[in-house]
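In what follows, a single structure is set out as structure tokens and then discussed.
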Amino acid sequence: MSRLRIYTESGELIKDITDPKEIAEELQKINVLFERWRANAPLKENASDEEIINAYKHEIDRLINKYGFQSYDVIAMTPEHPKKDELRQKFLKEHTHSDFEVRYFVYGDGVFYLHPNDKVYILHCTAGDLISVPPNTKHWFDMGENPNFKCIRLFTTPEGWVAEYTGSDIAEKFPKYEEVVNG
């Protein structure tokens, strides 16, 4: 189940929301898009990237037309991935991008931390969730110690996004994936 928790920078809980419509409304206030998608055809558990793209093509095309995305792909992360620890550490540092960061969770989950102002928004994304983080928004991502997800990603440039780290240690002050998901 998707869940948004909003904290002060010092860690005081302000709001805790589980209703997808309310999550979308709250995130819209900081220009973050949150939607729930459904495939236009049933997907097998071992669906190919092409089958996944085709199942969500109507939604992908809608976002391409609205935001001018130039490319998209499917990324998978499993507990067996040889670089999972290295990638987790990279994503756990607060950063920005000059491009949108768009993820649709086909299956599995992950936690986005958004820090656009004097608050921290912790969003646990689950299968069926789309999040679009606007350019230059401070954020970080935690996929957990044993990641298991498949996502569609969309980009406005063919080379995708490049992280620009802020140097802040704020990510160390908030709960990691395991505590967010199990807490």
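Please read every residue number as a count from 1 along the shown chain.
The backbone N, Cα and C atoms fix where each Cβ goes, glycine too.
Note that the structure is a prediction, hence the values are computed from the model and not measured.
Copied from Swiss-Prot, the annotated features are:
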SITE      Glu94  site 'May play a role in metal incorporation in vivo'
BINDING   His95, His97, Glu101, His139  Fe(2+) binding site
BINDING   His95, His97, Glu101, His139  Ni(2+) binding site
SITE      Arg103  site 'Important to generate the dianion'
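Sequence features, as recorded in Swiss-Prot, placed on the structure.
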| residue | record | DSSP class |
| --- | --- | --- |
| Glu94 | site 'May play a role in metal incorporation in vivo' | coil |
| Glu101 | Fe(2+) binding site | strand |
| His139 | Fe(2+) binding site | strand |
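For the pair formed by His139 (Fe(2+) binding site) and Glu94 (site 'May play a role in metal incorporation in vivo'), distance between Cα atoms is given as 5 Å, rounded to the nearest Å. The Ni(2+) site, placed at the center of the C-beta atoms of His95, His97, Glu101, His139, has further neighbours from the same chain whose C-beta lies within 8 angstroms: Thr96, Val133, Thr137, Lys138, Trp140, Phe141, Trp161, Ala163.
Taking the recorded positions His95, His97, Arg103, His139 in turn and counting surrounding C-beta atoms within 10 angstroms, the largest count is reached at His139. Geometry remark: Arg103 (site 'Important to generate the dianion') versus His97 (Fe(2+) binding site), CA distance 14 Å.
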